[in-house]
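S.K.: This structure is in structure tokens; I'll ask about it shortly.
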């Protein structure tokens, strides 16, 4: 009936256009292929941008061949074996296992179809079980269901493949070649995400790229600055390029909440937490590890939140993030996670456990990698009511050999801090006093690179002081400690070297009564910011540790975050709307505390400097440049002078423009004053002069009746 109505409507429109449908052979009309007949919609580019094709076709179905051929009475047993094997890899849909049966023999045909919830699970199942040996006679051959259509399209005769011309990709490190040696940063404010150059010479940011709704929660640079990652409901994506930030890869992970890169940018870890159907059950955690360049899932981990919450709290749903911690360096060779009484260390060649087993450590509470070497530092608290002391151990990977161990007694808490070069490890130990009612703090200092790894014990002058913050000097031998009671604790600086280099820690100085609760070293060392954030109202002290002197004292009111640029030349302080609704935005400062410029942004969420990869220069070359800095600096001093002159000229031009604008305004009013002269003369009864001195002031009294009202008054007369 509908077809008849459509045909009648078509004939009516043809008649109105003067076309005789009886003369047209409708069967000869060939429409262009495709649902849109080759006509691209105005919003097709938007559709292509937003539409994710992760779950199209039958990509979530695999075909498992070389199964045992069994009669109907053994169907249930065989299906149970299949579900046990493939259910460990992912979630199989209800009725997701189907084994075809021979109609005559009523036996299985030796293969089955398995349907997962997602195509990623199906891909992983194919990768893990293709070639799986069930027994001597049955070795699985696993294919994707979608592959069969591809196999059927293979021509009978071979034809040489088409050779496509090579198109070079965009240089993802192009931003490092900026002629002005500027650094980039990204901000999020409102619905916009923007990337800028920090043009400190011009005292303003220089826009690079801006996009609305670029991410649904946050953005994150990769550790070497190659990629910018965004997070979406369907998964994560990475972007890169010189100035346009093209999308380079997508990573399908529905409802992803957190992401983490490996130090060498080879892998991306994504995390999601899903609420169970039964409120009494724990959240279900899904973690995927992707190859950054190919987007392939290298390994996934699934389990309850309880399984991943061991060893710490925080992050999301009680899970400490990152769950997997990577070995330092650019090789990305190992990663590890803490479990109940064990540390599981994986190698990325096969993404399996080293030696196919975890490192057994009873009651292990925390661990951390050396930033440069495959060495694990482990902390184990006291056991058996204090009869077995707490300990910190250093373990070499992959041999799992214990390099050093230190027993610790009466321990309340312990925290480990690695120096950036892996030269030193500081262990902050909170110990109970004899009464067990109070605690005091000391440090165990490991010299990792020295023979037998000697350990020193450091106690503050007042060992009862509370430790508020601790920080190593990057690439250096010094560290800073904030200790004492708020609101004015002390700040002490120590060195792992002495004047005679005897290998003893020594105190350099103590700064008394500072409004500080956080420490921020320059990435190149030498300088540090003593910061009083949040409750301390943004107090900032820029301190030169080489000279032991304050360079500047200032504030960024209500500052919540501080971040040095990767070169140590500039510092960003910011106030985010997560903590405060007022004065949102960021300030850019020089390394010695001079305010360069200030940007206010409503609903300001994030500020992140773009990291730089390590320099290719050898230490000897860097030292040579430092020794000949005066020779190189002449060129840049001349450039700075040119910029200074340019800024001065810009200031003069601005003042000229303001003066011209003022003169123009005055002339306009003079002209208007002249045009209204006759009107003023008329209002003054013919007096022509505008000069007040030529008039005589007279006082005139004017009586004016404002209001008249009547009121009836009643009188009462008393009787005598």
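Each residue, glycine too, has its Cβ placed from N, Cα and C.
TrEMBL lists 60-147 with the feature domain 'RRM'. For 678-687, the entry in TrEMBL reads compositional bias 'Basic and acidic residues'. The region 'Disordered' annotation in TrEMBL covers 678-697. Residues or ranges marked as compositional bias 'Acidic residues' by TrEMBL: 688-697.
Please situate the listed features within the shown structure.
M.R.: Residue counts for the domain 'RRM' (60-147) under DSSP, split into helix (H, G, I), strand (E, B) and coil, are 30 helix, 31 strand, 27 coil.
In terms of DSSP helix, strand and coil, the compositional bias 'Basic and acidic residues' (678-687) has 6 helix, 0 strand, 4 coil.
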S.K.: Average pLDDT across the domain 'RRM' (60-147)?
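M.R.: Mean pLDDT, the domain 'RRM' (60-147): 90.
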